[in-house]
Amino acid sequence: MADLKAKFLNVYSVLKSELLQDPAFEFTDISRQWVERMTDYNVPGGKLNRGLSVIDSYKLLKGEELTEEEIFLASALGWCIEWLQAYFLVLDDIMDNSHTRRGQPCWYKVPKVGMIAANDGVLLRNHIFRILKNHFKDKPYYVDLLDLFNEVEFQTASGQMLDLISSEGENDLSKFSLSLHRRIVQYKTAYYSFYLSVACALLMSGENLEDHVDVKNILVQMGIYFQVQDDYLDCFVDPKILGKIGTDIEDFKCSWLVVKALELSNEEQKKILNENYGKADPEKVAKVKALYKELDLEGEFADYESKSYEKLITSIESHPSKAVQAVLKSFLGKIYKRQK
């Protein structure tokens with residue numbers, strides 16, 4: 001795995017140097033340095049799970065060792081997903097007025113960057129299609145790749161819009177529901193974090209995505225389960241372990257926990273939620289967390305987790321292809337009972 005990650009990071013360097021020599025634009029030294037620094041700061045810094053999953057999935061679908069060329073192409077698609085993630089995060093952080101990301105200041109918070117970050121986000125988005133053109137233009141699935149990235153980007157941006165407009169305006173908990181939570185998560189997270197990697201691997205394997213709607217549905221369910229875990233960890237796990245400070249309560253987010261709490265609360269408890277949810281005051285946040293404990297949301301989550309796992313395993317095992325089953329089980333194995 002360490003060897004694969006090293007190969008994957010090597011491909012990043014190749015793709016980056018191609019982008020910095022792109023003949024469609026006349027770079028100056030200053031503009032080239034800016035793009036290099038911006039890309040290095042935002043693209044390769046995460047866990048790289050989405051990108052590496054393309055290689056894993058393709059290998060399982062092919063059922064044998066990959067050639068160097070195949071590893072390179074699967075890595076290039078993996079990096080396109082990491083570039084997509086970087087583009088969303090750079091812009092998300094501006095919208096959310098965030099301060100840190102992956103343990104360092106958000107890009108727009110870096111001195112002399114500021115609102116230039118908005119254009120940098122757009123540039124990162126454009127890099128994806130330059131990479132696809134450079135390496136996949138002659139492939140029979142090139143148009144399908146373009147369609148796939150465009151559609152997933154549209155779904156993610158629409159999910160982000162839902163998330164933003166649901167926590168905007170007057171703090172009104174009555175607009176939160178399990179179906180709103182599910183819809184936000186499905187579009188904002190599940191398509192690009194779960195479906196996209198496998199869809200890339202399927203296209204590389206010569207498959208038609210229209211024949212794999214069942215795979216998409218399973219991965220979307222997995223993405224929803226992943227986000228519910230995220231909502232739970234945001235509140236119940238030590239930020240030192242998590243690597244970030246959870247602010248869902250302060251930010252009035254439509255999180256699974258608050259939706260569950262509303263479902264289980266009596267009138268008195270609902271009053272506590274209404275008075276304290278979405279406020280930055282640490283005492284109010286503590287009151288919400290105390291109510292979550294009182295309602296045994298830890299137990300509710302454990303119950304949700306085991307039921308989701310059972311359901312997913314059943315769906316996966318009913319799939320006719322053992323190779324596809326292996327891909328889906330590998331994804332589920334990475335996230336089941338995770339602690340961060």
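Placed from the backbone N, Cα and C atoms, the Cβ positions cover glycine too.
Summarising the annotation, Swiss-Prot assigns isopentenyl diphosphate binding site to LYS47, ARG50, GLN85, ARG102. Swiss-Prot lists ASP92, ASP96 with the feature Mg(2+) 2 binding site. According to Swiss-Prot, the feature Mg(2+) 1 binding site maps to ASP92, ASP96, an assignment based on similarity to another entry. Per Swiss-Prot, dimethylallyl diphosphate binding site is recorded for ARG101, LYS188, THR189, GLN227, LYS244, LYS253, and the stated evidence type is similarity to another entry.
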Residue among binding-site residues ARG101, LYS244, LYS253 with least C-beta crowding, 10 angstrom cut-off: LYS244
Largest tally of Cβ atoms lying within 10 Å of a Cβ, found at which of the binding-site residues ARG102, LYS188: LYS188
Closest of ARG50, ASP92, ASP96, ARG102 to GLN227 (dimethylallyl diphosphate binding site), Cα positions, binding-site residues only: ARG50
Distance, ASP92 (Mg(2+) 2 binding site) to ARG50 (isopentenyl diphosphate binding site) (CA atoms, angstrom): 18
Three-class DSSP secondary structure - ARG101 (dimethylallyl diphosphate binding site): strand
Shell of the isopentenyl diphosphate site beyond LYS47, ARG50, GLN85, ARG102, same chain only (C-beta within 8 angstroms of their C-beta centre): GLY45, GLY46, LEU48, ASN49, GLY51, GLU82
Nearest recorded site to ASP96 (Mg(2+) 2 binding site) by CA-CA distance, among binding-site residues LYS47, GLN85, LYS253: LYS253
Structural state of LYS47 (isopentenyl diphosphate binding site), classified by DSSP into three states: coil
Cβ neighbours within the same chain of THR189 (dimethylallyl diphosphate binding site) - under 8 Å, at least six residues apart: THR156, GLY159, GLY223, PHE226, GLN227
GLN85 (isopentenyl diphosphate binding site): secondary structure state under DSSP, collapsed to three categories: helix
